[in-house]
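Annotation source Swiss-Prot lists Fe(2+) binding site at Asn137, Glu140, Asn166, Glu169, Glu198, citing sequence analysis. Positions annotated as Zn(2+) binding site by Swiss-Prot: Glu140, His165, Glu169. Annotation comment: Swiss-Prot describes 5-25, 38-58, 75-95, 125-145, 158-178, 190-210, 212-232, 249-269 as transmembrane segment, evidence class sequence analysis.
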Amino acid sequence: MDGNVLLAFGLTLFAGLATGVGSLIAFFTSRTNTKFLSLALGFSAGVMIYVSLVEIFVKAKDALTNALGNTNGYWMTIAGFFGGMLFIALIDKFIPKSSNPHEVKLVEDVNAIKPQVNEDHLMKMGIFTALAIGIHNFPEGIATFMSAINDPNVGIAIAIAVAIHNIPEGIAVSVPIFFATGNRRKAFKLSFLSGLAEPVGALVAFLLLMPFLTDVMFGIIFAGVAGIMVFISLDELLPAAQRYDETHLSMYGLVGGMAVMAISLVLLV
């Protein structure tokens, strides 16, 4: 178990640090490769949706039906699944639209923002975006950590998928802060800090959830994780992938992500 805990923390840290990668891309490239980003985000959504519905939801149902019986266990699984969706939806609800990490940002936005825009406003926008992404990343950290504790292979897949979708979030933080301050280091630091919410989520899961991890608690948490992952995929990843490129690339990425996840689960059984 100790080895799994260390791996789980490492995976959440890896996923969170991808926001810093996004800010570096914004600073050191002149154009956004929208086709690649669309394909990658679609792939990330495919991995998340497939592993959530085929692996995580099923494990949650098995744990709850074993503990509560078939009928009660299945109802509790459904409640946990949609409870996870409601949880992440409420987080999104209270994030201001201008700071929402769902808003697509491009590297070109660094040069596209007009100089007459108030710099204080841009700075506030960047800080609010960093806070919003931090809040948004917190439950993702819990989800990645708990998945890795139960099955490291599933945890690795989820961490990679989360890392991919954290890259454009890093761009969303760094663009307004860089333009407001002209300071790459400050923009990178705030982007980096927003990503640390994921390992903080993992730490909370370890300290508050792990000591009480009965079969019922495990099943409810895993059902909630599945709901969170599916909601993020449908509400964030796929729409963003389609906005980056309006062809079928996002759907090809989605199917590819599902296929890779399906094959890897079979090979790793």
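Placement of Cβ uses the backbone N, Cα and C atoms for every residue, glycine included.
Beyond the transmembrane segment (249-269), the same-chain residues lying 6 or more positions past its ends with a Cβ under 8 Å from any Cβ of the stretch are 35, 38-51, 54-55, 153-154, 157, 161, 238, 241-242. Here the transmembrane segment (5-25) sits against the transmembrane segment (158-178); at least 3 CB pairs are under 8 Å, leaving out pairs fewer than 6 apart in sequence. Other C-beta atoms found within 10 angstroms of the C-beta of His165 (Zn(2+) binding site) number 26, with every protein chain shown included.
Below 8 A, the CB atoms of the transmembrane segment (158-178) and the transmembrane segment (75-95) form no more than two pairs separated by six or more positions in the chain, fewer than 3 in all.
With a cut-off of 8 Å on Cβ pairs spaced 6 or more residues apart, the transmembrane segment (38-58) and the transmembrane segment (125-145) reach fewer than 3 such pairs and are scored as not touching. Scoring each of the binding-site residues (Glu140, Glu169, Glu198) by how many neighbouring Cβ atoms lie within 10 Å, the top position goes to Glu198.
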